[in-house]
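Taking it in order: structure first as structure tokens, then the write-up.
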Amino acid sequence: MAAQGVHSCEFEVFGRVHGVNFRRHTLRKAKILGLRGWCMNSGRGTVKGYIEGRPAEMDVMKEWLRTTGSPLSSIEKVEFSSQRERDRYGYANFHIKPDPHERRPVHERLGSSSSHNDSQ
């Protein structure tokens, strides 16, 4: 099913964005705006992500990423890829990807991958 006016871009936020609930606040803002995609901590101390939605909401999210973030964050800069028009949405919602550098309890690492939960 084609979606009218769907655009997308990638982003990377630099500054104090780890350990300050940046991803959780990003998830909340994206859901409020009706955007889809994901965000995650990177090994470089940044938060990377991908957003897709209508251009007006994407602009609001980009400004929020540049200037607001989470209450305890300190944003130095944000880099965005070129915004592209898409034929359809690639994601059903916005979610937080697991941090590949975060140590999880042993019982989570040994459990079934089907019990994965992205609701951080």
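Each residue, glycine too, has its Cβ placed from N, Cα and C.
Remember, TrEMBL labels are computer predictions, not curated facts.
TrEMBL lists ARG23, ASN41 with the feature active site. Sequence annotations record features per position, and here TrEMBL assigns compositional bias 'Basic and acidic residues' to 96-110. The compositional bias 'Polar residues' feature in TrEMBL is assigned to 111-120. Residues annotated as domain 'Acylphosphatase-like' in TrEMBL: 8-98. Look at TrEMBL and you will find 91-120 tagged as region 'Disordered'.
ARG23 (active site) is 8 Å away from ASN41 (active site) when you measure Cα to Cα. ASN41 (active site): 21 other CB atoms within 10 A of its CB, across all protein chains. According to DSSP, the secondary structure content of the domain 'Acylphosphatase-like' (8-98) in residues is 25 helix, 35 strand, 31 coil.
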